[in-house]
Amino acid sequence: MISLNSSSIPSSQTKKVVIGMSGGVDSSVAAWMLKEQGFEVIGLFMKNWEDDDNDEYCSARQDWLDVVSVADMIGIDVEAVNFAAEYRERVFADFLCEYAAGRTPNPDVLCNAEIKFKAFLDHAMSLGADAIATGHYARVRHEGGRVQLLKAVDASKDQSYFLHRLTQQQLSKVMFPLGEIPKTEVRKIAEQIGLHNAKKKDSTGICFIGERPFREFLNRYLPRVPGPIKTPEGKTVGEHMGLAFFTLGQRKGIGLGGSQDGNGDAWYVARKDMANNTLYVAQGHEHPWLLANKLSAVDASWVSGAAPEPGSYSAKTRYRQTDSACTYIADIDTNNFSLSFPEAQWAVTPGQSAVLYDGDICLGGGIIST
């Protein structure tokens, strides 16, 4: 049996754990591990989207059935809770405002901070839980009354990027049973213990909304505002349907071929001029307009509760990106900061998160503004 590291458990008094269960293999194996470790485990399924809850894109109905089946198999109680109102108010409203302003938000970051580790945590505490757990790939280290957020052992699955806005208060009640285990091992465990969802594919859609044609989905909530598509030289090469429907670095769906000026390189979204409703595109993955050696970030959130000392760290400007060496400088008068990189970063995108690391320790981060 795989044992949890003692430093990953909030305290020696932790007995009752409420785990968020999605119906997927990760949270199912995490629940089994907790039960095997002797904790009193309750599974909690969150229903957070209702606008068009159908089986084509949102698998909530089948996911719930999978949760019930797994809970029955491993011998734990399970219940469902509806946080749709909280999700719409705390996450989705911000999501739409950011897109309307021309930025590209990351709803998973806000969903974790506001729903999975706030609304869910509050509900779990009302059930008498000592701690909560999820199937995230990350680690926590409880030492001396403080908590550190660390990368998962499986670097290819590490989700600390999405968790960087969690506070000491939230992390003090959190367990991540899968943080020390490779994803391949999780699949093996699921098969060995006979979980029916052992081969269920991982979800990749927007947090809780599911996998669906994104532009079509966004167009239901934001109006089309057509405008020109121009090159860095100012040549008009097409028309866009609205700046909200494009993101920096985007290659597909621009509506241009690769031969506007006799150059066969692919077109990429390089800039969005909101004031003039103009979409700028550039040819070639390494075009200068797609590269940046510095960024500014706002609304910083630090895991320790305090901004780190200025200096050399590493950072991610998007999920699954390899860490890049950087120099961090805090703005002492605001909750903002800047990062400079010796190696140019590709398609640094306003609205996304810039997350700072000291080795495996996730320090926190902020929202990229420029």
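The backbone N, Cα and C atoms fix where each Cβ goes, and this holds for glycine too.
These come from Swiss-Prot:
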ACT_SITE  CYS111  active site, nucleophile
ACT_SITE  CYS207  active site, cysteine persulfide intermediate
BINDING   GLY20, MET21, SER22, GLY23, GLY24, VAL25, ASP26, SER27, MET46, GLY135  ATP binding site
DISULFID  CYS111-CYS207  disulfide bond
SITE      HIS136  site 'Interaction with tRNA'
SITE      GLN352  site 'Interaction with tRNA'
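When the Cα positions of GLY20, MET21, SER22, GLY23, GLY24, VAL25, ASP26, SER27, MET46, GLY135 are compared pair by pair, the longest gap among these ATP-binding residues is 16 Å. A coil conformation is recorded for GLY24 (ATP binding site) in the three-state DSSP classification, outside any helix or strand. Using a 10 Å Cβ-Cβ cutoff, ASP26 (ATP binding site) registers 25 neighbours. When Cα-Cα distances from GLY24 (ATP binding site) are compared across the recorded positions CYS111, HIS136, GLN352, the shortest belongs to HIS136. A strand conformation is recorded for MET46 (ATP binding site) in the three-state DSSP classification. Recorded residues GLY20 (ATP binding site) and HIS136 (site 'Interaction with tRNA') have their alpha carbons 10 Å apart, per Cα-Cα distance. Around GLN352 (site 'Interaction with tRNA'), a 10 Å sphere centred on its CB holds 25 further CB atoms from the protein chains shown.
You'll find the Cα of GLN352 (site 'Interaction with tRNA') roughly 14 Å from the Cα of the residue listed as 'active site, nucleophile'. Ranking the binding-site residues GLY20, GLY24 by how many other Cβ atoms lie within 10 angstroms of each Cβ puts GLY24 at the bottom.
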